[in-house]
Every structure is written in structure tokens, then in C-alpha cells.
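Have a look at the structure below, then the notes.
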Amino acid sequence: MAVNEQKQAFQLHLQELTDRNGGFLETVYALANGHFGVRASDPLQGKLQGSGGMPGLFVNGFYDFSKINYGEVYAGFPENNQTIAQLPDPRYLVLEVDGQRSDEVSFSTRVVDKNLDMETGLLNELFEITSPTGKILQLSLSSFASQADEAIYCVSYTIRPLNFSGSVKLYKQHPYIDQVFSKDGDIRAVSRNNLLDRQFIDADFPALQITTQRSQLGLVMMWRYLGEDSLVSFDSADGIPKYVMDLDLQQGLAESFDFGYSISQIHSLMDVAMNHNAYLKGANAHLQHHSFSSLFTESAHRMQAFWRDADVQIEGDPESQKGIRFNLFHLHQSAGHDGKTSIPAKGLTGAGYEGHYFWDTETFMLPAFTYTNPSMARAILMYRYHTLDAARRQAHDFGLDSGAMFSWRTINGAEASPYFPAGTAQVHINADIAHAASEYIQVTGDTDFLVEAGFEIILETARFWRRYGSFGVDGPQSGHFVINKVTGPDEYTALVNNNYYTNRMAQHNLRLAVLYARQLQQTHPNKLEELGVTEKELQAFSHAADEMYLPYDDELAVKMQDDGAFNLEIWPFDQTPRDHYPLLLHYHPLRLYRHQVNKQPDTLLSDFLFPEDQDIEQLKRDFDYYEPLTTHDSSLSRPIFSILANRIRAHHKAYRYIAESLLTDLNNGQGNSQDGVHVGSMGASWMEMTFGVAGMIRTQKDGLTFSPHLPSQWTALTFKIKYQGSQVSVHITRSQAIFKLVVGDAMTLHCDGQLVSLKAKSRTATVTLDEK
Ligand code: BGC
């Protein structure tokens, strides 16, 4: 591919997008770096009401509580919601033309162009602004969220008058309280987000302390002009610290101004050690010694390093190529890396799902990190470790005397799900986390993590299963370990007994606890003592796992979603209008729960995660049974279907699922991308390439095996993975798979039944692919 074409494949240009809705563009062009995210809103908008957008800065893990009001409250229901805070938009700029200010009267803004260079993380935008007096200005913005220093965001403004010469003032400020227009157009000042307090800090540059009232968190944000220009002055005379640019502009001539923001870590207001002045001094000195371009160069290098390991190249299908790149870009920029935060389901691109972390992180996003960026995967898992105490409290609330139960949706570790049948009852999240932790350990060989955190997570979750489940007393379940009253991944079925997926995952969780306990008995016996593990407990885990009840319909020879699943009527799909999907927005849950209808794969997810459980015939029967029942109302659904369709060799079908799911956000396929991107689905699209098209499977017995099949629409697929300290690149065409050892001395894997042995001296191996 020519260099230009390669560069082009990293650009996301406005012309490529069919949806031009303001909220949608704010989301897809949002920039983030794991610590914070900034939506690509109208820079003059601030928080002017009626402008339609949702501008703002979202800091990962910075939230406040709000009380959940229940009609009837049972013991143990979460008292509080946790909502990510919408902070001042660092792109915000106030213009003054002919004595009229854009924060007092509406100027019109037209989006002319936008382009995101995903290779470096630089966003370029062009707007045309018209003042109420008819003066037209071109405003261009270049911005990036630093990938090298997570505190830093930079924005450069270039302004050019198109139909006049004269005086224009710019203000770079974030007022103490938000200003909004009332219905009759008058300006009034109100605190729109009443959860937040903001205070200016006395300094030679603008700085704000932002605190939350109920969760008692704080952070500091400062901004600085990046340059020596005499046109810019700092002013705080009216109590609002700001930079003022008093310009005498010539028609057609441009002036540029660069600003750097520093956004501190979150601290607890109880933390007396937090010293704002020291932070601000350091942040100011750092920005003072840098320019927009030097900060950008550092950031772009880090972004390019990310692509070196994580890029997935699809040849022959530019749309899919763009889709996977866009997904990987957002996946990367959404991930908290401090061990105290995780990945919100909507990333840091919007307030959708209130900034909560779900099982999406471990089940759908983590594999991409585990195989391409293990240190990030470790940090993400450490977040769960740091919330183990909250999980222990939740297990206690469930009436259990030991173990830990992770929250279904949360920021601080405590449950924030107000609807427990489709929320808290999804106890499978416990086993999902244990599974992800174990995969990380197996793939990376990071036994330090096992000792430091992984084992405790796996043990405490196993203890939960041992207590939550019980041994059946009569009928076919007699003597078997049963787990009653749970909700599986399919949220259109709730509070069932023996959900196949949950039971199979719990079985795995119990076995993992025994496996790692045996390993630590040899290497770190103190760890077992410290955590109070006894031989009796391990035997109880093994017994429960061995006796785990897994519902199966002998007549249909299909795995049954739960005990009563097949007794229910099938949902009347032929009488359901197209615009009544997603069903949850149109039908009462009690109507859905009484039918066989799946929001997303449930039992099939277990088939995906445990490929050695069934032969291809069983998989086909399961697939054929559940596929027609599935609405894909969750964006997490199609990727799993594409992977399984590949496994059963329904390659055309697999491609249809891939093509749709790769473009979930770029095409606004779920119709709600304006609230934020679907990061779980983005992570799953990496799985579609590796576990699906390349047919990658990791088993304890064989290690990594591949069974590739390239869609006929593509000419090649290339990606790299890291495995136990080595890195291998995989290049798949219709007829060949080429494996190349990039890092490491030796690695063996299997491809289509052949042993592939890569060594320092013969780093490349080619396998001729069977016609599948
Ligand atoms: C899905 C859940 C998912 C949540 C957050 C829901 O629509 O059904 O599985 O965890 O969205 O992405």
C-alpha cells in the first residue's frame, strides 16, 4: 500500500460519516487518554441551553452520588447512584465582536470540516462563526489529549475574519457557575450541575478546584497560554481568571493561540496530603517549558507505539479497516491505567450509562489488552482488586458469611444498579472477572500478579459461589450443585434457576481457585495461610465444581439456557414491528420474561469461552437454536455470533455479523452513539478478528491454536499478539497463514492441526490453509 493510502486509512474524515447529528459528532470525535475525555462540541457552546450538544470533560472515576428513590425499598438495595461528573469543556472559547459576547448572545456555528488522525491522536476541525451583527469568522481547532502525560490536554485556535477587518476579543475562561439561556432567551446564571462546587485558585494563571458535594472528591484543573505572545494577557479583575486576547484582525489574515490544560488526579477531600499549590506549580512549570508541538510530538510517539503493537490491518475492505481502527482507537483511549479506574461502558466520550463500569470490561475489552498491551490489562484488573472490600460487603448484604460479590454497575465498587433483576442479579460478573484474571495470568505468565491480587480475586469469587449455590435435594438435580435466582447475560430473561452460562462460569471459577491454590502451595504457602485457605475448603470447591448442574435438553440435544427456559413461548417475532427494537423500550419486562427471546448470547457465550466443552455438531445445534431467538439489542451480541459462525464454518454469516458490528458506532447502528461509544463492542471487534477470523483459541493443553478463514471480501488480515513474553505477528490470506516471531527467542503454536515452531534462527513459518 502506498504511504499516502496507509496514512489515509488512519484518518476519520467528516465526509466519511453519514450521520451529521451534533451529538453523534461530539462522541465519535471525542478525545481521551484513560484519565479524561473531551467531547468534540461546538467550542462556543459552553453550556448554552438549546444548542443541542453535551459539551464537557469527563474524568474517569470522578463522580458524585445521587439518592435512588424507590417506591419500595428492600434491605440491601443500593441507596445511591454514582454519576460521572460533566466538567467544564476545555475547548470552550468566548468571542466578542461589536461589543457582543458569545456567552451572552447566540453566535451561529457551522461545522465546515473535521478530521481525526487516529495514528497520532490529533483532531483538526474547521468552523464558520457568524456574529449576531453578521461578521463571519473562520475558527479552526487542533487538539489532542496527551497519551504521554495523562494530565495534559492541548487546544490550538486559529481565527480568521472572512468579511471584515476590525477588533475582536477572545476570552479563555470557565465561569464559576454555568450560564444558560432561559426559555424566553434571557441569560441567567444557575448552577446546572448542582453536585459540583467550583472555586478559583489564586494563581498567575487560571486554575479551578472542583469538588463533589456528596462523594467528597476533588481535582484541580489549570490552563495556560502556551507562548510568548504580547497579544495575550491574564486578567482576574472581575473575579473570573481568564486569558484575554484583544485583537485587531485584518480580513483574511489568521492569528493563532495555543493553550495547555493540566487536569490533576482525583483526590479524596479527606486527603490532607493533597497540596494544590505544589501541583499547580509543577503543572505550570511543565506547560511553561513546552509548546503545543513539543507536547504533541511526545503524545504522538506514544500513540504510534500503541499502534505498533495493537494495529489490525484488513486489506481489500477499506470500510472494515476504518471500522477496526476506530474501535481500537477508542478502546485504547478509554482505558484507565492507574489501577484505581477501569473502562466505562461508553468510554470517556459521554455520560451514557453514567460513567459506570460493567462486565463489558473483563469479558469484551480485556482480551485485546491482555494480548497486545499486558501492562494495561494488569492495571485494569487491579481496579477490581482495589474494590474487593466493597465486593465483600455486597456478599455480606446477600446474607453470605464469606466471599465477595462484585457490583454489576459501579464506579467506586459499590452497586449502583437500581433495577436488580437485570442488574445486581447478574452475579455472573464475579466469574467473568475471575476468568479474565486467569486468562491474563496464563497469557502473560505474570505470576507476581497472581500473588499480589489475582489469587485473592479468584478465591473470594469462588467462595461466593460456594455459598450462593447449594446441593440439590431431589429430582434430577439431587446431589448436584445448583445456583438459583440469577440473571444471565441475556437481560430479557431474569431471576432464573441454573442459568447455563452462570453455572459453567462458576464451575470454572471454583476450579481456578483450586488450580492456583495448588500452585501457590508450592511457591507461596504463606499466601494461602494469609487468606485462610484450608484443604477442606479446596475440596469443597472441587466437589461443587464436579457436581455443577448444567441444564441440557435431551430431546433437542441443546444446552438449555436455564431450568425453565424451554417451557416458555417463543417471542412473536413475526408480529413485532421493526421499530419496536430494542424490545426493552417497547415491552414491559414481565412480557419479555415470559417468552423465549434473547437480547444477546447467553448459553452461546459459554460455548464461545469454553470451546473444548463441545464438538462442532453440538455447537451448531446450540447456534441454530439460539440465533433466531436473538434480537442483538445489545451491541455486545453480534461479535460473539460472528466468532461462533466462523467456528461452525458459516463464513458468509460470520462476515455479515462482522461488517455490521465493526461499524456499530461509525454508522450509529444502535442509534444512541450520541451518548457515547460502545466500548464493549469495540473490544469485541478485536476478538472477532483474532478469535473469529483467525480462529485463535487458547487451551491449557495446546496453548495457542489458529484455524483461519479469511472472508472472501478481504485479501489479507494482519495483527500482532503477545504471548508469554514473546510477540508474534499473524498474517492471513485466503491460502496461507504466515507467523513471524517479532519479540522473543522461541514460540510454538498450532495452525490447522500443524505444529508451528518459531525460533531465533527461523523466525517465520508459513502454513498452507485448508479449504474450509
Ligand atoms: C447489555 C449488558 C451490558 C450493558 C452495558 C446492556 O445493554 O445488555 O450486557 O453490560 O448494556 O454495556
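The first residue you see is number 1, and the count goes up from there.
Each residue, glycine too, has its Cβ placed from N, Cα and C.
Since the structure is predicted, the reported quantities are computational estimates derived from the model, not experimental observations.
Record features (TrEMBL):
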type	residues	note
ACT_SITE	GLU491	active site, proton donor
BINDING	TRP359, ASP360, LYS599, GLN600	substrate binding site
DOMAIN	25-224	domain 'Glycoside hydrolase family 65 N-terminal'
DOMAIN	325-687	domain 'Glycoside hydrolase family 65 central catalytic'
DOMAIN	697-758	domain 'Glycoside hydrolase family 65 C-terminal'
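Location within the structure of each feature annotated in TrEMBL.
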residue : record                    : DSSP (3 states)
TRP359  : substrate binding site    : coil
GLU491  : active site, proton donor : coil
LYS599  : substrate binding site    : coil
Task = Around the recorded substrate site, report the further residues of that chain (criterion: Cβ within 8 Å of the mean position of the Cβ atoms of TRP359, ASP360, LYS599, GLN600; site residues excluded), sequence-ordered.
result = PHE358, THR363, PHE364, PRO489, GLU491, SER634, LEU636, SER637, GLY680
Inquiry  = If you count other CB atoms within 10 A of each CB, which of ASP360, GLU491 wins among these recorded positions?
reply    = ASP360
Remark   = Here the Cα-Cα span from TRP359 (substrate binding site) to GLU491 (active site, proton donor), rounded to a whole number of angstrom, reaches 13
Key: Distance in Å spanning the most remote Cα pair of TRP359, ASP360, LYS599, GLN600, given for substrate   = 16
Ask   = Taking the Cβ of LYS599 (substrate binding site) as centre, how many other Cβ atoms lie within 10 Å?
value = 22
Across the domain 'Glycoside hydrolase family 65 central catalytic' (325-687), average pLDDT on the 0 to 100 scale = 97
Inquiry  = Cα-Cα, whole number of Å: the residue listed as 'active site, proton donor' versus GLN600 (substrate binding site)?
reply    = 8
Message = Using DSSP, what is the helix/strand/coil residue split across the domain 'Glycoside hydrolase family 65 C-terminal' (697-758)?
response = 0 helix, 41 strand, 21 coil
